[in-house]
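A.B. asks: Got these off TrEMBL a minute ago, pasting:
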BINDING   Ser551, Ser746  Mg(2+) binding site
BINDING   Asn854, Lys855, Phe856, Asp857  GTP binding site
COMPBIAS  212-229  compositional bias 'Polar residues'
REGION    1-69  region 'Disordered'
REGION    195-254  region 'Disordered'
Amino acid sequence: MTCVRDGGAVVEMPHRNGSAGKASRRNSKRSPVNTVIRKEGKEKKKKKGIRNGPSSSYSPPPQSPLHSSVAFTFPDGDCSLEHSTVLQHKGPLVSCDIPRALPINIDEIPTAAVFPAMSLDRSLPIIQPIRTTDFNQILFEELRITKEVFFSAHSIEPLVGTVGSGARALLGNGNDTSLTSASEVDSFRDCDGDDACVSESSDSGEVERNMQMRSADSTPCRPSSNNLSQREEDSDNEMPQHVRIPSPVTFRDPDSDDICDEESDFDEVDSFPVKQKAENNGKKGSCYRCFKGNRFTEKEVCIVCGAKYCQNCVFRAMGSMPEGRKCVTCIGFRIDEINRSNLGKCSRMLKWLLPESEIKQIMSSEVLCPANEIPPNLLYVNGERLNHKELLLLRGCPNPPKKLRPGHYWYDKVAGFWGKEGQKPCQIISAQLDVGGYIKPNASNGNTGVLFNNREITKEEVWMLKSAGIPCEGKPRFWVSADGCYWEEGQRNAKGRIWEKTKTRLVVSILSLPLPPAKTNSREEMTRNSLGQNDCHHRLLLVGFDKSGTSTIFKQAKILYGFSFSEDERQEMKLMIQSNLYCYLGTLLEGRERFEKEILKKKGKSLLIDQTSPSGQERFERGSSREKGKGLMIDGCRSSETLYPEETKSTYSMGSRLKGFSDWLLKLIASGNLEAIVHSASCEYLPLIEKLWKDEAIQATYNRRNELEKLPRVATYFLERAVEILKEEYEPSDMDILYAEGITSSNGLASMEFSFPTSAKADGYIDSIDQHYSMMRYQLIRVHPRSLGENCKWLEMFEDVSIVLFCVSLTDYDEFYEDNKGLLINKMMASKELFESVVTHPTFYKKDFLLIMNKFDLLKEKIEQSPLTQCEWFGDYHPVIDHKFNIGTYVNLAPALAQRAFHYMAVKFKRLFHSFTERKLYVSLVTGLEQDSVDESLKCAREIIDWEREDIPFINEESVASLEESSS
Ligand SMILES: Nc1nc2c(ncn2[C@@H]2O[C@H](COP(=O)(O)OP(=O)(O)OP(=O)(O)O)[C@@H](O)[C@H]2O)c(=O)[nH]1
Ligand SMILES: [Ca+2]
């Protein structure tokens, strides 16, 4: 029998039955005084019966009076709640010793500390619930010892766990302070053990954390003098602890043989009891406790029973979460395996409600506490079921498998490859662990004939080997070591390392194959590992027809999400920009020639010139060899000008010296040897180029640039700064890189990992959405159709992308290209064809698609001049021009027309998509050169990825609206 000391006032409540919770809530609302609730032990007994049912190896002696106590104190003196149980034995005579309840000194009862000043008005003060001590904990203590053995065997120093104090109370100033349901009160009765300890989270790596957690968690279960003195110290230095009641049951010495013999028996049973799913008594989608809200109200889900609580109820229902997000009544129960993937992933709601340190603690207990651990008997490795020792080896090794779920796995002990049975490897874990059976050749269900440490590898792995230049013909057998060295069977010398080349690493990342755990040189990788960010990948595949803007979007993403371009990339880009610039110049020169010829033709004199003068190029070459060393004299050929008959002079004619240079340049460009000029001679030619650019004929041509089909619009951006850009010391800005055509030389394949940064908006609501997303990792993969091969067969490589972003240029409808048979093909039709092959590719069966309709800015410019009907697919486009907008000529109709045209094209694509898939195509309108536009579109993609998840009520309404609209 325990009392609570709180300003001396102890109020005894009359005996209550099951409705105690509700009654006391009402009561406390009326009078916020100290309250003592006592409860009859019947329900307790029932509860025990469930928890230690026939499957459990331990049930408490039924005759023992159970004795437990929990104290609540609210430091503001508002009210307090205490509950205590004494069970009277009514059964037959007891045959064994009855443990005695020890008297307790009231002064020694600690009170829960005040939760630091946070404005958690909604939360009720709750103390750390007390957990049952049961046999399973003994088992875990056992396992901890095993683990220590592992560590000492692997000369890793086990850390002495910081036994953090678990007592923690959340204080609110609401006066609704009692527990609601009888079952909640019940849970406190269950507890006769110690409070769960939560280790101080440390950054010193997963192993250490595991270790800490283990020792912290298993400490209480074997009362030893060590533990007790440790506890005493703790309570002196830190927050107050709850009274520890010695367990009424004594256990056999865990080191003794008979325990070991029985170990396999424990494997048979589930370590922790299972609980049924909770049922919501309120309306669908409402909070399980207050029955308010709907499915869009943000809620926290209990990882055991699935009950969902709104932010007002979450702390009342879940207390201080010693085992993570579980109802107080679910503590000590096994989690629902469905939720395993969410362990340790904090929800937006908690992020919002709790300070970061709290969250860290809760999340680490959620991941590491024994009750939430995966039961070893649900794990099979190479066909053999694991026992606890093996599970510990596996989890405690330096590179443990991530995301361990119940199921069947294969493990290549030689190289550490690890994967789900019948699937490609998903991770490379520590090698040489003695777990599970022998690997079978068909473990990963490969059908390539290539063997890796006796396992037939998958096609992805063969692609990887090919990218590393390892020949796979003739069904070779390889031995691979943990560091990637490989031998062909029967040979003595290693042939090389698999993951050496950057290209291989890119391919590996695109194919979702594992890399060996980083030792690590790459800083990015290191931070990613330490943040545990390697998990939770959503892959976005960006693909589109030639020049649709995929690389622009890729580069925008790179600039947007915090990656600047590396030095190497900048160098590569510089080279590319400079070569492009020569091409633009070349196009101008060709244009000039054309315009000149047109004029001459008009005058009927073009033939004359060709016959009477040596070609410009010859003259230039002669001139330049003569004047070698002196630099080039631009005006040195005045005499040759006389060769030009006076009549041929036109706006588009150039001085012969420049003409010579221009011909030479054109020849070089045609030979494709641009990099050579860029590298060797650009400064030498710089004055000449400057002259060229300023030349009247070139300027006149430039003014007619719209007529030069081959000159891309971005050329303007670069041409006007030609001299600056061609200088050796030129360094491209982000903007230059963005505008430049092309990305890198890696065959149209590029990949980047990112997360969406949190925006700095003051509005907390938005921030929490951002925060939710900022924890997820995304990978954007851009691939050019050129590298997809015939019938897009390499799309196979991308089978695990979450979404396909298909990019279409809105301006393609009136543009044509010449195919290899010389036929003119409409680019929109070509784009449509590619779209069809991607959508119908078996790899993308049931995948979400987001259609990025790009270059809206350009559409606005051309829509008035060029009707959509130029593309045969859009033959039925007859927009009704709304004349009420057309009052006066100053009204710019283009945006409205462009919007309508976009809408029409979007619907065309949507129908096409639907005809293949019976599903909905998402569409996003983009101007690739505008950052915000790309940002919005990629955020739209992430929302689509999240769409299925019911607990994401926040969807950018605008983008949905625009999608809905375009589907109408
Ligand atoms: N005005 C305008 N230009 C754009 C837009 N998006 C892309 N471009 C330009 O269109 C050209 C082609 O874009 P890229 O991003 O290189 O296209 P791509 O899909 O990579 O095509 P490939 O060159 O075949 O690899 C580039 O010059 C871009 O600068 C846009 O929204 N507006
Ligand atoms: Ca490009």
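Each Cβ is built from the backbone N, Cα and C atoms, and glycine gets one as well.
Remember, TrEMBL labels are computer predictions, not curated facts.
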A.B. asks: Under 6 Å from ligand 2 by Cβ, which binding-site residues from Ser551, Asn854, Lys855, Phe856?
C.D. replies: Ser551
A.B. asks: Check each residue in the chain of Lys855 (GTP binding site) that is at least six apart in sequence and keep those whose C-beta is under 8 Å from its C-beta; list them in sequence order.
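C.D. replies: In sequence order, Gly549, Ser809, Leu810, Thr811, Thr927, Gly928 meet the Cβ cut-off.
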A.B. asks: Quiz question: given the binding-site residues Ser551, Asn854, which has the greatest number of C-beta atoms lying within 10 angstroms of its own C-beta?
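C.D. replies: Answer returned by the neighbour count: Asn854.
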A.B. asks: Neighbourhood of the GTP site (Asn854, Lys855, Phe856, Asp857): other residues with Cβ within 8 Å of the Cβ centroid, in order?
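C.D. replies: Everything else in range on the chain: Gly549, Ser809, Leu810, Thr811, Met853, Leu858, Leu859, Val926, Thr927, Gly928, Leu929.
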A.B. asks: Near Phe856 (GTP binding site), how many other Cβ atoms are within 10 Å of its Cβ?
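C.D. replies: Other Cβ atoms found within 10 Å: 22.
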A.B. asks: What's the CA to CA span in angstrom from Asp857 (GTP binding site) over to Ser551 (Mg(2+) binding site)?
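C.D. replies: So the Cα of Ser551 (Mg(2+) binding site) lies 17 Å away from that of Asp857 (GTP binding site).
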A.B. asks: Whole-number answer please: how many Å between the C-alpha atoms of Asn854 (GTP binding site) and Ser551 (Mg(2+) binding site)?
C.D. replies: 12
A.B. asks: Whole-number Å only: compute the distance from the Cα of Phe856 (GTP binding site) to the Cα of Ser551 (Mg(2+) binding site).
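C.D. replies: That separation, Cα to Cα, works out to 16 Å.
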A.B. asks: Determine the Cβ neighbour count for Asp857 (GTP binding site): the number of other Cβ atoms within 10 Å of its Cβ.
C.D. replies: 17
A.B. asks: Using DSSP with the three-state reduction, classify Asn854 (GTP binding site) as helix, strand or coil.
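C.D. replies: Looking at the DSSP assignment, Asn854 (GTP binding site) belongs to a strand.
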